[in-house]
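Trainee: Sending over a structure as structure tokens; questions will come in a sec.
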Amino acid sequence: MILFGSTGSIGVNALKLAALKNIPISALACGDNIALLNEQIARFKPKFVAIKDSKNKHLVKHDRVFIGQEGLEQILTECQDKLLFNAIVGFAGLKSTLKAKELGKNIALANKESLVVAGSFLKGVKFLPVDSEHAALKFLLEGKKNIAKLYITASGGAFYRYKIKDLNQVSVKDALKHPNWNMGAKITIDSATMANKLFEIIEAYHLYDFKEIDALIEPRSLVHAMCEFKNGASTAYFSKADMKLAISDAIFEKQDTPILEAVDFSKMPALKFHPISTKKYPIFKLKNTFLKEPNLGVIINAANEVGVYNFLENKSGFLDIAKCIFKALDHFGVPKISSIEEVFEYDFKTREYLRS
């Protein structure tokens with residue numbers, strides 16, 4: 001397995017599971033956490049290593065250290081492994097997904113932005129979704145026909161129990177307190193704004209070629225997806241909130257190893273499902289438009305990344321993230337994209353516009 005994003009939350013869990021099944025790790029790549037990378041190198045002994053910046057190369061305890069995006073693509077070309085586990089955060093992960101597609105590799109995809117911004121250019125790839133909702137949908141949909149509607153669930157994020165009027169005063173520290181999941185900073189903020197759920201709906205559309213998809217808030221994160229059939233029956237996927245289950249589903253050939261303690265239905269508290277309030281989560285207003293116009297993905301994602309970065313750096317408020325997205329959409333409208341090059345152009349133009 002080739003693992004990009006090895007020092008993040010997903011990457012660390014992927015390595016724990018790889019060790020459980022003695023899956024060889026041929027390559028590791030990370031950003032700036034060189035201390036943890038060196039621990040991983042000592043443990044897993046990869047043939048190739050990549051880091052973001054050449055200034056840290058002398059700190060890496062390995063003979064073959066590649067640098068930046070060019071280095072990632074060199075590793076993909078030289079390494080014979082058929083599986084790329086892409087856990088790079090954000091738009092930065094797209095080029096690696098595209099290169100893996102070109103080389104015919106399977107992709108365990110934690111980088112949902114690849115599909116959000118360029119799903120139409122990634123047809124034919126064998127994706128193994130590293131997301132609790134999409135792993136749940138995969139299980140529920142296997143061999144099934146006559147599907148009427150799909151649902152994925154959201155916890156509501158850090159501010160689910162906050163009043164709308166209090167959201168203009170929340171801090172970064174407040175936003176990073178997710179009630180159920182232990183995740184990286186970017187996705188935790190995306191959960192609080194509901195951008196993450198918007199992206200997951202588009203990801204599900206690209207993975208399963210189905211547009212009748214919605215999301216509901218289930219505050220305990222015990223139900224991850226539901227499938228409604230044309231005859232009125234429905235099925236649901238239950239598990240405790242832990243990404244290791246979705247990761248194991250992507251990288252293990254057989255699902256015969258205990259990963260989590262099962263949900264004890266006799267002790268399970270009452271479950272409630274709630275519609276997502278677009279007053280509280282204005283980004284979610286875009287769901288139907290986005291499903292009709294998937295090309296909007298590059299604008300929405302770039303604007304979201306700018307907004308989240310500004311919030312995390314205390315340059316703007318929490319509510320400004322959504323404002324950033326709507327400002328970009330008002331300016332650019334629906335882009336006409338006919339090539340992957342245009343995806344990169346619109347990403348660049350959106351960021352430039354919002355920074356000007």
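Glycine residues also receive a Cβ, built from the backbone N, Cα and C atoms like all the rest.
Values in this document were obtained by computation on a predicted structure and should not be read as measured data.
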Trainee: May I ask you to find which of His62, His178 Swiss-Prot records for the 1-deoxy-D-xylulose 5-phosphate site already listed with Lys112, Ser132, Glu133, Ser155, Ser191, Asn196, Lys197, Glu200?
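Mentor: Looking through His62, His178, the residue Swiss-Prot assigns to the 1-deoxy-D-xylulose 5-phosphate site is His178.
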Trainee: Out of Gly156, Gly157, Gly184, which one does Swiss-Prot list together with Thr7, Gly8, Ser9, Ile10, Gly31, Asn33, Asn111, Glu113 for NADPH?
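Mentor: So the NADPH site in Swiss-Prot includes Thr7, Gly8, Ser9, Ile10, Gly31, Asn33, Asn111, Glu113 plus, from the candidates Gly156, Gly157, Gly184, Gly184.
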Trainee: Measuring Cα to Cα, how far is Asn111 (NADPH binding site) from Asp131 (Mn(2+) binding site) in Å?
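Mentor: Rounded to a whole number, the Cα-Cα distance is 9 Å.
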Trainee: To the nearest Å, how far is the Cα of Asn196 (1-deoxy-D-xylulose 5-phosphate binding site) from the Cα of Asp131 (Mn(2+) binding site)?
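Mentor: For Asn196 (1-deoxy-D-xylulose 5-phosphate binding site) versus Asp131 (Mn(2+) binding site), the Cα atoms are 11 Å apart.
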Trainee: Relative to the Cα of Asp131 (Mn(2+) binding site), which of the binding-site residues Gly31, His178, Glu200 has the closest Cα?
Mentor: Glu200
Trainee: Round to a whole number and give the Cα-to-Cα distance in Å for the pair Gly31 (NADPH binding site) and Glu200 (1-deoxy-D-xylulose 5-phosphate binding site).
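Mentor: Pair distance, Cα basis, whole Å: 24 Å.
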Trainee: Beyond the listed site residues Asp131, Glu133, Glu200, identify every same-chain residue whose Cβ lies within 8 Å of the center of their Cβ atoms for the Mn(2+) site.
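Mentor: Residues close to the Mn(2+) site, other than Asp131, Glu133, Glu200: Lys112, Pro129, Ser132, His134, Leu137, Ile152, Lys197, Glu203, Ala204, His224, Ala225.
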